[in-house]
Ligand SMILES: Nc1ncnc2c1ncn2[C@@H]1O[C@H](COP(=O)(O)OP(=O)(O)OP(=O)(O)O)[C@@H](O)[C@H]1O
Ligand SMILES: [Mg+2]
């Protein structure tokens with residue numbers, strides 16, 4: 001499916017920088033995302049991928065640079081702001097409250113309340129059963145706390161939470177890291193379906209083959225800088241690996257500030 | 001929607017308690033409490049489980065139990081409040097001064113005016129809320145650990161109370177105010193039965209509502225016999241409690257005075273039980289409200305989520321700083337309520353009111369299953385914890401155990417209770 005990149009991008013993160021103490025975790029990075037597009041973010045451990053997307057999800061605030069949504073400059077200073085712009089995030093750490101059950105986590109911060117203003121737990125549980133059933137039919141463990149779930153089950157809850165609330169922009173930070181092959185395939189199918197619905201998705205993943213399969217474009221980061229951006233059709237898996245490991249930008253890609261000049 | 005889309009909740013339940021959906025932890029605590037009471041009952045040759053002693057036990061527990069419900073929220077969010085005893089003293093001082101000086105003299109209402117008690121109570125609770133919110137602000141927004149802020153508060157508020165009153169005892173307090181002290185304000189037999197009946201009906205209604213709501217979502221429900229057993233147990237417990245309190249008779253001389261005050265003659269053979277103390281009613285109201293807050297409101301959900309994983313809570317858009325302020329404000333307000341009960345029971349404000357209550361309150365919450373690691377705790381557990389502590393103390397006093405040894409036992413019980421809880425949680429795999 002061709003993606004129209006002539007209009008305004010859904011998201012544009014322009015010249016983002018953020019440092020922790022002396023560490024430049026993200027160093028003048030510019031990325032964009034169009035509706036119906038899946039954009040991969042690749043890079044070695046500590047390259048700054050999670051930090052970059054956390055600026056978009058409201059977990060961090062960038063030191064400099066701007067974020068545009070549908071061409072409008074927005075200020076995202078906390079996760080509530082991000083949710084207001086229909087940005088949903090699956091964090092690498094999953095961000096689940098271990099002592100609560102699946103439904104409480106899924107609806108955390110957006111609980112369903114009855115006419116009296118009290119929580120309607122039964123309704124939330126019923127909805128959770130429906131969502132989880134689509135995502136992971138083997139999931140049965142609805143009333144026990146998340147701490148008793150397997151890694152993959154926890155990840156399923158985090159994914160369900162991100163897709164349940166009509167996201168327009170979805171951030172997935174290594175969403176399949178703990179999943180088995182069958183569940184990974186279900187997430188891949190889910191990504192295709194959401195893409196058809198016109199969502200824009202940032203996907204962080206270490207598996208270049210997965211990125212080539214699922215993404216339309218890929219950004220590679222190294223030491224906080226952008227090495228380059230490429231259409232996945234224009235580069236091979238080895239090209240991507242070269243970008244990740246050596247910071248070499250192949251001919252098919254648009255080089256960024258972090259590319260090595262030979 | 002087809003049936004295949006509607007995943008069924010697995011219905012295989014194993015043992016009896018699971019079928020009744022009773023928390024086994026609660027059952028363990030009740031069991032320990034019953035054994036404790038029976039033990040004292042036999043050692044004291046049947047003096048422990050009398051109406052009179054049960055009545056006294058309940059009114060002695062109220063003040064600490066009220067604060068323990070707030071301490072649950074504080075500890076669940078991985079904080080601590082060491083200042084509650086001192087805060088109680090400050091609230092008590094403010095209330096005492098309001099009713100003995102400000103309303104009678106500054107407002108010119110005189111003594112025992114009907115408006116005095118409500119004004120004093122509102123002022124006292126507001127004081128607690130404000131001080132609590134202030135401490136919560138320092139913890140939540142300025143990032144000073146709660147342990148330090150409230151350790152400071154422990155010293156500050158005890159001595160603020162001292163300065164307010166110049167270290168003097170203030171009393172006697174307003175007549176209506178003292179109704180909240182326990183034996184000075186009870187409902188009498190008839191009203192106690194009425195309240196008991198209302199409580200039973202309310203319990204039945206909430207059982208029924210919960211069942212209906214589950215059915216409407218196609219969740220499996222308890223077998224009907226289990227519902228009936230639970231309802232029966234609840235009804236017997238509530239009515240039995242009322243019966244015990246009604247069975248404690250007001251002394252003849254006091255009744256005679258009451259009749260004389262009304263200019264009547266007491267009929268021969270007239271007796272009247274005390275019934276439910278207003279302070280106990282207050283505790284029950286606090287328990288119900290706090291339980292609803294904990295389980296059925298957003299605030300409660302956020303408190304537990306933040307306790308379980310503060311980062312996850314923040315990433316879900318919860319304002320954890322403001323939440324901290326709210327929790328400490330609630331704790332402060334409850335200290336104000338506890339001050340009402342404690343000073344009304346004494347019938348005066350004294351300097352040392354609430355001394356060491358912080359330790360009793362924390363111990364009650366912890367014995368009641370609140371985990372210091374955060375995220376876990378129940379309101380009923382904390383109240384039961386307070387009751388267990390008070391029974392232990394009263395029972396030992398009744399048996400004639402030396403005061404220092406009483407404290408040694410209470411300290412040891414605290415540690416052992418938490419040890420047993422830790423082992424239990426490991427066994428059951430719960431957090
Ligand atoms: N809160 C923080 N405080 C201090 N340093 C941080 C913080 N968050 C990230 N960093 C640093 O920023 C750099 C980038 O981290 P980041 O988590 O973005 O990497 P990543 O590309 O997501 O790596 P991975 O593939 O391992 O998830 C690292 O050097 C990390 O130590
Ligand atoms: Mg990361």
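The backbone N, Cα and C atoms fix where each Cβ goes, glycine too.
For reference, TrEMBL has these:
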{"type": "TRANSMEM", "residues": "B:26-43", "note": "transmembrane segment"}
{"type": "TRANSMEM", "residues": "B:55-76", "note": "transmembrane segment"}
{"type": "TRANSMEM", "residues": "B:82-103", "note": "transmembrane segment"}
{"type": "TRANSMEM", "residues": "B:115-138", "note": "transmembrane segment"}
{"type": "TRANSMEM", "residues": "B:186-208", "note": "transmembrane segment"}
{"type": "TRANSMEM", "residues": "B:228-248", "note": "transmembrane segment"}
{"type": "TRANSMEM", "residues": "B:274-294", "note": "transmembrane segment"}
{"type": "TRANSMEM", "residues": "B:327-348", "note": "transmembrane segment"}
{"type": "TRANSMEM", "residues": "B:360-383", "note": "transmembrane segment"}
{"type": "TRANSMEM", "residues": "B:403-424", "note": "transmembrane segment"}
Would you mind listing the long-range same-chain contacts of the transmembrane segment (B:186-208), meaning Cβ under 8 Å and 6+ residues beyond its ends?
227, 230-231, 234-235, 238-239, 241-242, 245-246, 272-278, 281, 284
Top partner of the transmembrane segment (B:26-43) among B:55-76, B:82-103, B:274-294, B:327-348, B:360-383 - counted as Cβ pairs under 8 Å:
B:360-383
Going along the chain, which residues at least six beyond the ends of the transmembrane segment (B:115-138) come within the CB cut-off of under 8 Å?
81, 83, 87, 90-92, 94-96, 98-99, 103-104, 109, 144, 146, 149-150, 153, 157, 174, 176-177, 179, 324-337, 339-340
Ranking B:82-103, B:274-294, B:327-348, B:360-383 by the number of C-beta pairs under 8 Å to the transmembrane segment (B:55-76), which range is first?
B:360-383
